[in-house]
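Engineer: This is the structure I have questions about; it appears just below.
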């Protein structure tokens, strides 16, 4: 019997016949004869003494054949059979990531993306397609560029083609010096002659890195924003639902808006209701019955004044703090379905195909009439930072106007249905998004600085509203036939982040809270649903805001 730390186990009795066959190996095997198997261990101390004496000698190995399976008694010593790979039996089981570990993983991935982009450029394929991994590929190394915009040195590494007279396996693994020059230099005369125009053009380019105020490059910001919210979860249900009986199911109207004063205005039939985002109290501002009905609403950018468009073609200004009308402005001959503010200028679009610019401070309020649209104007949105106005109409046209000019700067006719949904990006200059109706079902993104279309997204349903997030580089779209859903999109990847469901009819109205944290959607199912989508970055205080109706405000 073999003795090991007080435990006994049976061993093979024919080990003495193979002692002279494997003298070169130095493995420890206790192969005693049958005469020694009768000996027993009386105490644990003798077992340790015999084990030390056995290790001081060199024992030959057992014959080279499969060892019989043994049932070892020591539960602390695993069976180390040669045919068993321990890593397959003792692999650590990875459980689901906790929220803390998930955030840490996302942060690590974003930081790695930032370092790659800043140190090695935006082409991630250079990390994988090295010359060693792919010897038959051509690798272009970006050349250092001076302030003059001229490539002083051109460095290109190429692998020469293999010859047909030699073994391809040998040549692919043998470094060969290129037959042409690696470095190219230009004489000062040729350099000045060929690059004078390029130098001036490059130095005047506003997109140069030295003119940027950001600590990172623009491509890095796009990469980080694209991966920041990748795969994040959206709420499955709204955190508040309000009944809205009498909410019109008309695609061409705009009956919902959330002001900077944290008041939500909604028009139900002929009445305008105000819901306080602070106290959740509901107030009836005014009832226009029986003389008129409400067709559009829009809060002033700063303050508590609300513009109301009516079916008769008039536009009224109301002070929501006192629920009193301050003035009435005429001009349209039919209903006013779209309103948009640019400081003290209120622009209105009507069913008479006209757009009116009104200065609310002047007695003679409207000073410009735009007549480029051929059918009803159903979408208006000012970009106050660049003084650009975007308008959409039932003539399937999207137009961009430079300030108060009478002719459009651009006129796009790519949509094949009415263009009501319009929104400007608050994060990039000149980026505009527009959505088409039932026959179109697309969201198109435009670069208004160049007058070109950037993206075309087929949503599969009617696009009723578009709204860009104030906090993140994302935009929200609401849809009618046939999905009746709310979608969140990432920019610039234009990938769908998620979908909000719950409405049972067309989601015709959309507004965002003043802090940019929540949105509210209104549908023809006569409900208002509140969704929390973003994290608030700052607190907005209505008491510190100046209004264009403030008498102490200067007239520009």
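Backbone N, Cα and C define each Cβ position, glycine as well.
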Engineer: According to Swiss-Prot, one residue among 143, 159, 177 carries the annotation phosphothreonine; which one is it?
Structural biologist: 177
Engineer: Quick one: which of 187, 513 has phosphoserine in Swiss-Prot?
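Structural biologist: Per Swiss-Prot, phosphoserine applies to 187.
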Engineer: Under Swiss-Prot, the annotation region 'Disordered' belongs to which of these stretches: 126-173, 222-269?
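Structural biologist: Spelled out, Swiss-Prot records region 'Disordered' over residues 126-173, not the other listed ranges.
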Engineer: Between the stretches 246-285, 289-328, 502-541, which one has more Cβ pairs under 8 Å with the repeat 'WD 4' (372-411) than any other?
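Structural biologist: The stretch with the most contacts is 246-285.
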Engineer: With Cβ distances under 8 Å as the criterion, find the stretch in 246-285, 289-328, 414-456 that has the most pairs with the repeat 'WD 7' (502-541).
Structural biologist: 246-285
